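All remarks here apply to the structure that follows.
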Amino acid sequence: MPASVAPSLFDDMPEPPKPAAPAPAPEPALKPQAAAAPAPAAPTPTGGYSASSIEVLEGLEPVRKRPGMYIGGTDERALHHLFAEVLDNAMDEAVAKHAKLITVDLDADGVLSVRDDGRGIPVDPHPKHPGKSALEVVMTVLHSGGKFSGKAYETSGGLHGVGVSVVNALSDVLDVTVWRDGFEWKQSFSRGLPLAPIQQVGPSKKRGTLIRFHPDAEIFGVGAAFKPARLFRMARSKAYLFRGVEIRWTCAAERITDHTPTEATFHFPNGLADALAERIGEMETVTPTFSGRVERKGEAGAVEWAVTWSPIGFGDADSFVQSYCNTVSTPDGGTHEAGFRAALVKGLKTYGELTNEKRAVQITAEDVIANAGALISVFIRNPEFQGQTKDRLSSPDGQKIVEALIRDPLDHWLTENPKQANVLLGFIIERAEDRLRRRKDKEVQRAAATRKLRLPGKLADCSRQSADGTELFIVEGDSAGGSAKQARDRATQAILPLRGKILNVASATADKLRQNIELNDLILALGVTPGPRFDIEALRYERIVIMTDADVDGAHIAALLITFFYRSMPEVIRQGRLFMALPPLYRLQAGPLSEYARDEAHREELMATVFKGKKVELGRFKGLGEMMASQLKETTMDPKKRTLARVTLPASEEDIEDLVERLMGKKADARFRFIQDNARFAVAELDV
Ligand SMILES: Nc1ncnc2c1ncn2[C@@H]1O[C@H](COP(=O)(O)OP(=O)(O)OP(=O)(O)O)[C@@H](O)[C@H]1O
Ligand SMILES: [Mg+2]
Ligand SMILES: [Mg+2]
């Protein structure tokens, strides 16, 4: 399977709707009012749709009109995305090594504050926007930011210059405080508009940025509020992604409705390894966790990862892969995940070659991930994401960097611990074999589905449509099949000749069974699905009659068939619909007098009665094929004259198993002896 979607571990960002990329900045020159052209007076076929209908949204208006484009909707997930944007900006300051501490606080009124001790958003007048501070520009102009050039930030989660302005647009209250260059500055906004110009509050030695905001009920609906548990998880997950940061969490007790703590501090010196350890707890894993962190030499960029494998899955998922780029969660994965999978596949295959494990060649990414729990975090320059909510990483670099940087550590990890490497390789190979088996099963099912109602070519079906009163004769060999076709009653009797010995079902694997053409044809003719989905109603005939030669081979084939029915559709036997034909072994003739004998004993009996004192000509049938059609009809097939033996099950399941084992088990010589001893009636024991 494609690794099943893991329940979000730390981020709580499930089922992402896909937001589109943010729109280009509106063109300020074209104001809607200015563009108001005179509307055509008379109604026209275009219904007044003219230049005046084309609006250009100003400033942050597009965000309020179409929030879905920027935050993926207005639901709870979108609401919490506001926090992600503000936290991402603080985290970018930390990753750029300008901030060490981030505090997050949700107050009693539902106002959320995020503060960092970084450089502070610049407050000096912006050269291109006279009369406005850089802070006001950042807060009110889409596509304004310090992360485009890579000068102020190397590997940032922010890249569009959109995030915090969107938060501003969608908040009824938003206050920014900046501590910078010896002063404290403050500016307040509502629904994206400044309430007053930026103010210098007074001197201060502090550094950093504080954003306090409250989501606008006009956008998110009355009563929409941050969920402490969700904020808590998001904050904690951030801390795992950068060891150089400490995140402190506080929350007003009255907002908490579950077990979320009112205070907590997150700092994880072991990063993702800590995160994975917390996630798996005491769970049994195939190998110890493989984790590490590698930075690119001489260039910006790094990869950190932690992965382990669990034979029983992780809670409610078989596997999970959680990925991040520049500390931004990417629930839809992307190139970094692809690179991670590719690295694992190549590493394991190489190790397989090294240790002469030939089966390793069949390993694919799917197998490696099938039972994996993995966390991957990559830091790259100028990442490309899908949309503003950044659910998926699309930079080709993601794959290249991850693959290249993980390769060596993986090779070392494998070769340094051959014991655990072998265990892991064996486990992954099993996944590959499982996958191949499932695929085969599917193909067989598909083939069966397309053949639906198509009957096997060699079946001579009867003409009656309903099952009532019909019989299917399973006949040994084509020549006997030919005689049987001539001898039958076309309306009610169908003939299916089986070639050679069918498979020994008692010892065959399910795979082999499915491959067996003879058995497949039989199943098709019967119109049923063997196994747990068997439905007796689908059986196309009222009776099924096994008709084999009266010799050791014939007995063996009959025994195999009965075992097959018993194993794959016992209901047919339980309902008394499986029969044995009893073709004669001898023909006795004295002048016009002629009789058939089923067996030795029957012959003796006839000799002693009907043919008493007569000179008898005795013929022995070597096989059904030797009989003339008329003889076969008269002795074995004609419902008015023939005798059928109904196959029944011995009373106890144990007895059946014992018999099946003796007849069909792996010990060929035991079977052979048993059949020889019992000749054709090896089968009649099951019968009565
Ligand atoms: N906490 C902060 N500390 C310092 N600068 C900040 C902070 N928050 C925002 N900024 C500045 O404001 C700019 C705009 O932020 P915004 O979130 O709108 O866009 P971005 O982070 O550049 O990109 P994205 O739209 O991808 O988030 C940032 O590029 C950065 O220069
Ligand atoms: Mg941002
Ligand atoms: Mg901006």
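Note: Cβ is positioned from N, Cα and C throughout, glycine not excepted.
Annotated ATP-binding residues in TrEMBL are Tyr49, Asn89, Asp116, Gly158, Leu159, His160, Gly161, Val162, Gly163, Val164, and among Lys358, Lys390, Lys400 the one listed with them is Lys390. Per TrEMBL, the listed range annotated as region 'Disordered' is 1-50 (candidates: 1-50, 201-250, 501-550). A simple way to gauge crowding: the CB of Asp116 (ATP binding site) has 27 other CB atoms within 10 angstroms, across all the protein chains here. A simple way to gauge crowding: the CB of Tyr49 (ATP binding site) has 12 other CB atoms within 10 angstroms, across all the protein chains here.
Only Gly161, of the recorded positions Leu159, Gly161, His556, place a Cβ under 6 Å from an atom of ligand 3. The 6 Å Cβ screen around ligand 1 retains Gly161 from the binding-site residues Tyr49, Gly161, Lys390, ordered by sequence position. Residues Tyr49, Asn89, Asp116, Gly158, Leu159, His160, Gly161, Val162, Gly163, Val164, Lys390 are recorded as binding ATP; their most distant pair of Cα atoms lies 50 Å apart. The local packing around Gly163 (ATP binding site), expressed as other Cβ atoms within 10 Å of its Cβ over all shown chains, amounts to 28. In this view, the densest Cβ surroundings among the recorded positions Lys390, His556 belong to Lys390, judged by other Cβ atoms lying within 10 Å. In the domain 'Toprim' (470-584), the DSSP tally of helix, strand and coil residues is 51 helix, 21 strand, 43 coil.
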